[in-house]
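**Q** Got a structure for you, questions after.
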Amino acid sequence: MYLFERLIWMHRTQDQADRNKWDETERKEFGPSQVRIDPDAKEWGVEDCLQIEPTDAGSIYAINDRFLDVRASFQEEKRGLITLLFFAFVYVLGYMGLYRLSLEPLFWMISANTTPWDRPVEAGDWVGVVLGFILLAAAALVVLRYGWRWLRVEIFTQRHLVARFNRVTRQVYLNRPPYAGGVVVLPWEAAVAAIDPSEPDHHGMSGFVAVVFSKERSGSDYGDTVFLGRPMRGSREIEGLWEYIRRYMEDGPNSVPKPGRLLPLSPWPLEPVRATFRFMSPMWRSSSRPVALLTGLLLVPLLALHALSHWISLLLCWAPQWPEIIRDAGLPGKAVPKVTTLSDFGPELAERIFYNDKRDEAKARPPRRKKKVGSRESA
C-alpha cells in the first residue's frame, strides 16, 4: 500500500490557494505547529560511522558490486486492505446489484417472458429493471471515477517501491509510481539518517529508517525523503540497517554481512503470510507465550483473509521497472544519470513543490527568541 507516499506527494504538489487554506484551518483547529527542528542537533550523514553491527533487517531485494536495492515503502505490509474493500465493492455493486437485480431479470424477461420470481412479466418490471441498471451503473462509474486513484495505491500499480544505492555513481535512485513522485535521482552525499544513537532502544514493530536528502548538502534545488526497510524491532535495528547501507556505499559489499534472505520481486505467496503475522512478534517477545498463542489463534481467520488479499494485490501489480540509463548506471562506458532538479517536473509542479517545501521549512524552524531589554544601571 502506497497511501502514505501518495499523500506526501499530494501535499508537496498542492497549489498555493489550497495550501494557504489548509494552513489556516490547521492553525485555527490545532494552533501553531509543534514540529520543530533543532538546529543544534547532530546530523548523521554518510561520513558518520556508527559503532553498531550492521544488519540487513530482512529488507534487501538485491546486492552486488554495483548496487544495493532496499525496500522503500512505508506501509507495504498493510497492503490487502484496499484490495479487500475493492472486491467487496465488486461483489455488492457488481454481482448483487448489476447482475442479480438487473441483468439476470432482464435475461429471463427477454428469453422466457417471465421473471426469476416465477410470475408473468408486467410493464413495471421493464421500468424497474432498466432504471435499476442505469442507477447502479451510474453509481459504479461515480465510485470508480473518484476512487480509482486511491485504488491504485495498492493494485494495478508497481508491485514494490525500491531504493537503489549505486556505489559506482555515488547516487541513490528512488523508484515510485508517478502519483508518488516517480523515479528520481539523488546524490548519496546528501543523505542524512533520522537517527539518534544516544537515545535508549525503543522496542516495537513500527520503525523505519527515515533518510532525508538535504538540499543544503547537495546544492540542488530538490530534496526528498524516503522510508527504508521492513517494520523493525527497535532503534538499534533501525541504526543497524542504516549502517549496513552506509558501509556498503563507502566500503563495498565485502564490508557487510551477506543478507540472510533476499526479498522477492515476484508475487511469492509466502511473503504475504510473513508480513501479516509479523505484527505478532512484539506480543510474542513481551507477553506470555500462551496469551500470544491464544490471541494468534483467535485472529487466524482475519489474518488469513488479510494474507490472501495481500497476495491478490501482488498478483494484480507488476514488477518495478527502471529506466535504461539507471539500469546501466555504473557499467563501463555508460552515462551517469542526471541528478533530479525541480525543472524536471515542469514549471507548474516545480513552482508548487518549491512553495510547499518553503512553507514546511518555515513551520519547522524554531521561533526566534526575543531579546530581553534590561534596565541600565546608574553609575
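Every residue, even glycine, has its Cβ placed from backbone N, Cα and C.
Just so you know, TrEMBL annotations are computer predictions that nobody has curated.
From TrEMBL, here are the annotated features:
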DOMAIN    150-327  domain 'DUF6708'
REGION    360-379  region 'Disordered'
TRANSMEM  81-99  transmembrane segment
TRANSMEM  126-148  transmembrane segment
TRANSMEM  291-312  transmembrane segment
**Q** Residue list, the transmembrane segment (291-312) vs rest of chain: Cβ under 8 Å, 6 or more residues beyond ends.
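**A** Distant Cβ neighbours of the transmembrane segment (291-312) are 79-81, 83-84, 87, 267, 269, 272-273, 275-277, 280, 283-284.
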**Q** Please average pLDDT over the domain 'DUF6708' (150-327) for the predicted structure.
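**A** In the predicted model, the domain 'DUF6708' (150-327) has a mean pLDDT of 88.
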